[in-house]
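S.K.: From Swiss-Prot, for reference:
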- S104: active site, phosphoserine intermediate (ACT_SITE)
- S104, D243, D245, D247: Mg(2+) binding site (BINDING)
- S104: phosphoserine (MOD_RES)
Amino acid sequence: MGKLFGTDGVRGLANKKLTAPLAMKLGAAAARVLVSKEEVGGRRPTAVVGRDPRVSGEMLTAALSAGMASQGVDVLDVGVIPTPAVAFLTDDFGADMGVMISASHNPMPDNGIKFFAAGGRKLQDDVEDEIEATMLELPETGPTGAAIGRILDESSDALERYLAHVGTAINHPLDGIRVVVDCANGAASTAAPEAYRQAGADVVAIHSRPNSFNINDGVGSTHIEVLQKAVLEHQADLGLAHDGDADRCLAVDSEGNVVDGDQIMAILAVAMKENGELKQNTLVATVMSNLGMKLAMRANGIKVLETQVGDRYVLAELLASDLSLGGEQSGHVIISEHATTGDGTLTGLTLMARMAQTGKPLSELASVMTVLPQTLINVPVADKSVIADDERVVEAIAKAEEDLGDAGRVLLRPSGTEELFRVMVEAADPGTARRIAGKLAAVVAEV
């Protein structure tokens, strides 16, 4: 068995790579590993399990839940719900673990499984390694009689508990703000529009009718052009786009311009510093964040700490350094006072609260930073592990960095979830970024 866990749990084509038997084994192994790390004190251990609405979700939820129950864990099934809600409910219910069945922004045929430890935090790499090892040595039998775990339906008030929680994060009513929210026909479809309405916004919800098959189908945060058009059509103050599991948020201003995760973080960092809420005046971002954001933060007296890609690594740095804000260009934003993972709904609420507080349009708030032109090319490869050390790639990177000097940067890295190698170039003008990225991508493709 090859390595299962990527940067965001286990992910793959449902019923091909990610099968029901595999989900059952994962559930059983995770139950054994995570429960062994918690002081359950003789009580029955519990796990919160949620999913997005794609067609394979019910199958995988049933299989994973059966695996957990086979090891004596009571499963609290919270139904279709955002990933950050599962993280919150894991803590709110006092559960020993949480699990989200979702492939996030991936197409409908894919699915994934991501785990949360007690308290709602994503697992560390060493714990994931232990789960994989445990899968290879699972016993044939498990607890019997009353010691077998139960699968309990806890979906009736799960969403309401989450909405009540995120609603406490803002102090400014959103009255008068008209927002179009693209729910990607995913887990945000009920949660995000309702959260924004409860806060006072005038909400136009689009792509909010999941039917098991239409999640991420030409909509949501990976198809932002759909939202750009809708914002102009509805004459809205802004638009917010979520992905399939609602852990990310991208925005569009009233003029139809995209406001990405870097810009959202810059807006929130300046706001939190102004309000005395930005611990150590420091923001956590990843190596993929735009150089323009880092320059803007420096100009505003805010330090930027960098991590590798993945909101789990952003969170790890937030915890290790006792910081309050971090995230990714893709729209995963973590506000550590209120969340343990990226939360698209919370991000949208907080962004609109800043608009309400200042009375400024999103376009003006976003001008806090100048986005350096960036080109990202995803190159399909046969073996991600050999690219970075290939002599041709090393030489091409050195030449590109020499050409750019201090006016840009180059970053090559493997995808954590797909057989791709990502080539990213930032430069002073779009043409230069495209030209250099194209050359690098061609070299990578030849390896």
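Heads up, residue numbers simply count up from 1 along the chain you see.
Using the three backbone atoms N, Cα and C, a Cβ is placed for every residue, glycine included.
Locate each feature and note its surroundings.
M.R.: Take the CB of S104 (active site, phosphoserine intermediate) and look out to 10 A: across all protein chains shown you find 31 other CB atoms.
Counting only same-chain residues six or more apart in sequence, the Cβ atoms lying under 8 angstroms from the Cβ of D245 (Mg(2+) binding site) belong to D52, P82, T83, M100, S102, S104, G186, A187.
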S.K.: Which state, by DSSP, holds D247 (Mg(2+) binding site): helix, strand or coil?
M.R.: coil
S.K.: Other than S104, D243, D245, D247 themselves, what residues in this chain have Cβ atoms within 8 Å of the centroid of the Mg(2+) site's Cβ atoms?
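M.R.: Leaving out the recorded residues gives D52, P82, T83, S102, H105, G186, A187, H242, G244, A246, R248, G342, G344.
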S.K.: If you skip the near sequence neighbours and keep only those at least six away, which residues in the chain come within under 8 angstroms of D243 (Mg(2+) binding site), Cβ to Cβ?
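M.R.: Spatial neighbours, sequence-distant, of D243 (Mg(2+) binding site): S104, H105, A184, G186, N216, G220, S221, T222, G331, G344.
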